[in-house]
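Enquirer: Take a look at this one; I'll ask things after.
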């Protein structure tokens, strides 16, 4: 027993009591390492990054080397490099998982897919702009890349209670839009091929076939209809030919007016189907998605807020491009000094002791609140009102039947009493009748 006591005392004696930090220092550390501080710093610096990107793209995008790039463009390159370093750090933050598992978990997030797309487009744009023969292509790719970086800004609205669920609604509406585009593409191809075949007997030019089969029918949806090619009364025949050799050489083919009336009928049917049926189908799909998500908007927002807190809790305090100093500090601390991360232990997967009891109590309170709110919602629903009304009506009917039964019994008693009274009255007046 004494040995066990000494063994229990030894670790306590060996423990080093850490000196307590001053109040100002502890408060400053809490403020500096808080997720909200990291979030606000990243948002502010991201706005500055977009402003720098727009300035370089619009004003300071110089020709290929040796005349360019400019100094601000090199600053932009370094800024994107720090973003790449942060994405690499995020993939290595996933704990003890294998590399493929970490990459799979990283790509599961839609915003990480957006970041990866933006970075790859930026690298492609930088490689293309360095050569004279691909300079314009690099500028075009960088313009598209700016759009991707700007759309990434939608992520910051997830912290807002009203705008956060709208982001989920927007993502689900994009999925609905793909189904709509499938139906629209089928109808577009059917009408476009028939339209091209009826108006032009022979036109082998691929670019014009694509324009007349897909591009023009798509513009018809928005009201851009070339009447001079469809209506025979307003037909304008430019310099054209029906000779196939001349058409293959590049001449304009003549319009066919044989089935002009059929083209107009197909146009009417096409516009009715696309502008009324398909558009209303899309609106109905959007309204259903909106109502379905809006019904549980508070739950969606809480999940979004939790994910953002976890994300920015794991991030370094400094924002790009100054985040490179935090990355160097983490690299030295983790891989050279072998000091484990404390932040990874803040979000515990298993809790024990007093923390577990507090968590269980909190879950019980939240469960009761949820069940009471659900019962209140069910009571306020139309079906519950109808059920309550039917129960009340049934009870009233039962009471009415009971009242009827009591009324019948009272009437029966009244008749019996009246008969008894008449009997006694007769006996009193005619006693001889009773003797006989």
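Cβ atoms are placed via backbone N, Cα and C, with glycine included.
Note that TrEMBL annotation is computational and uncurated.
Given the structure is predicted, the values throughout are model-derived calculations rather than measurements.
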Enquirer: Looking at 261-283, 284-306, 307-329, 330-352, I want to know which stretch TrEMBL calls transmembrane segment.
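Expert: Range annotated as transmembrane segment by TrEMBL: 261-283.
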Enquirer: Of the residue ranges 58-75, 76-93, 94-111, which one carries the transmembrane segment annotation in TrEMBL?
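Expert: Here TrEMBL associates transmembrane segment with the stretch 76-93.
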Enquirer: Transmembrane segment per TrEMBL: which of the ranges 114-134, 135-155 is that?
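Expert: That would be 114-134, per the transmembrane segment entry in TrEMBL.
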Enquirer: What same-chain residues lie close to the transmembrane segment (76-93): Cβ under 8 Å, and 6 or more beyond its ends?
Expert: 49, 52-53, 56, 69, 102-103, 106, 112, 115-116, 119, 122, 126, 314-316, 320-321, 323-324, 327, 330, 344
